[in-house]
Amino acid sequence: MYKVHVDDIIKLREKTGFGIFDCKKALLEMKGNIEKAIEYLRKNSINKTYNSSDHNTNSTQGIVLSKVNSNNKKGIIIGINCETDFVAKNDLFIKLANEIAEIAIDCNDKNEILSSSIRNISIKEILFEHMTIIGEKLTLNFFEKLESYFVEKYVHHGNKIAALVGLSAAPKGVHIIGKELAMQVVAMNPIALKEEDIPYNFIEKEKEILKEQERRFGKSEDLLEKIIQGKIKKFLCEKTLICQKYIKNQKITVQNYLKQFNSNITITGYKRISL
């Protein structure tokens, strides 16, 4: 009878995340061949039924990761959900998320990511396997991509929020300015880059809400209109990235901050994901 070596069990466990007993059994069946043992575990894990009704369908825990390519021309953010904070901090889950993020940099949507492969196995299949290993529902719920002349990222501590910012040029020091702007997006969560990007219907709806709030105080329509205009202006400044107060210096706007760095550079776009 083949005798399983402890080192092989450890190696197989590190590669697959399966328990010691499962790894030992697979190595026995495959007579110590690690690659065949991995295949054995995969086949057997897929044959197990993952019953989603036994698990929380509102998976609000998870991880957010961001990557930019080597020349900073494009960046992505992905968000993978699990069910518990315990799994979100699990080394196997984090490793998987990082591998998916590396693949995602060359994809255009979630379906393309899920159909892409890691070690000749589709990401969709890998996620299912990890559900069986970990025992929780895992879902690639979020994907954003940004391409520009220069793209920088920022992932907030804890990997729950991330942002990308695109810039029109890449002068000296652009990595620092890009990260600072991405931090701004994470912290202040703008709804648009500039006022013109906010849909007209959205602004009109906000005006109606503000009017209803102010009418309770019995103000005249003329006075009401002036109050609403002032509040809308304030609202737009707070919600558009270039008009927001810069988080590290409330005396200036993001636009002012950017001009101080380089008057010829502009923000071309941004993306943000939070769990």
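In case you wondered, yes, glycine gets a Cβ from its N, Cα and C as well.
Range 84-87 is the one annotated as region 'Involved in Mg(2+) ion dislocation from EF-Tu', of 84-87, 124-127, 176-179, 236-239 (source: TrEMBL).
The average pLDDT the prediction assigns to the domain 'Translation elongation factor EFTs/EF1B dimerisation' (75-273) is 93.
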